[in-house]
Amino acid sequence: MTTPSSFNPQAFIELALSRGVLKFGEFTLKSGRVSPYFFNAGLLNDGEALSLLAQGYADQLMQCQHVDVIFGPAYKGIPFVAATAVALSQLHAKSVPWGFNRKEAKDHGEGGVLVGASVEGKKVWIIDDVITAGTAIREVVTILKNAGATIAGVLVALDRQERGQGQLSAIQEVQQELEIPVHALITMKDLMNYLDAKGETQALAKMEDYRLKYGI
């Protein structure tokens, strides 16, 4: 039996705020930029939060074609992909095989780097939290292609919509270089719309300044 499912970005933002996943303020990023917000998906560490995130991923996947296997990069992507497989089954009556990778290859038992469903000859969607520099995604894409997979696309929780070292964002660079789609559940624009709706003018002004300086 399936239940109606419709991901609500505002509800997800509110949950992220309540869990400390999303914070507004001043945060120095690895790039040296001082960001007016910070997003840490590792704090989506309870059943309700993980369930809402997985619902979002599942809803997105139902709009995508060619979903043979879903894949979660180690380590953070592993619970995300497992929960998404459950959400697809429970909310959409769609049973999708899933897998993940190890950080280090195993030389005993089943061995290798990949765990779970076979990706050989399959169209695979990668599920992760964010794409910051794109390094991790590129590594996973290489692993999957070496195993015979075709990369159908990538799903992330947040698109920061800001430039990297050049004029493109990390997501745009990945899309251009790897020629695959990347979809996000929420974007920086969604965060700004949320602040605007809540009348948080000071935080919104800081977001707008940051967007003008670094946005795409």
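A Cβ is built for glycine as well, from the same backbone N, Cα and C atoms used for every other residue.
A sphere of 10 angstroms centred on the C-beta of A133 (5-phospho-alpha-D-ribose 1-diphosphate binding site) encloses 14 other C-beta atoms. Annotated 5-phospho-alpha-D-ribose 1-diphosphate binding site per Swiss-Prot: K30, 75-76, 102-103, K106, H108, 128-136, in sequence order, evidence recorded as sequence analysis.
Residues or ranges marked as orotate binding site by Swiss-Prot: F38, F39, T132, R160. Around the Cβ of F38 (orotate binding site), the number of neighbouring Cβ atoms within 10 Å comes to 15. DSSP gives F38 (orotate binding site) a strand state.
A separation of roughly 12 Å, to the nearest angstrom, links the Cα atoms of K30 (5-phospho-alpha-D-ribose 1-diphosphate binding site) and F38 (orotate binding site).
Neighbouring residues of the recorded orotate site, listed in sequence order and excluding F38, F39, T132, R160, comprise L29, S35, Y37, V130, L158 (Cβ within 8 Å of the Cβ centroid). Among the residues the record lists as binding orotate, namely F38, F39, T132, R160, the two farthest apart have Cα atoms separated by 12 Å. Following the DSSP three-state reduction, the secondary structure of T135 (5-phospho-alpha-D-ribose 1-diphosphate binding site) is helix. Cβ neighbour counts within 10 Å, taken over all protein chains shown, single out K76 as the most crowded of the binding-site residues K30, K76, K103.
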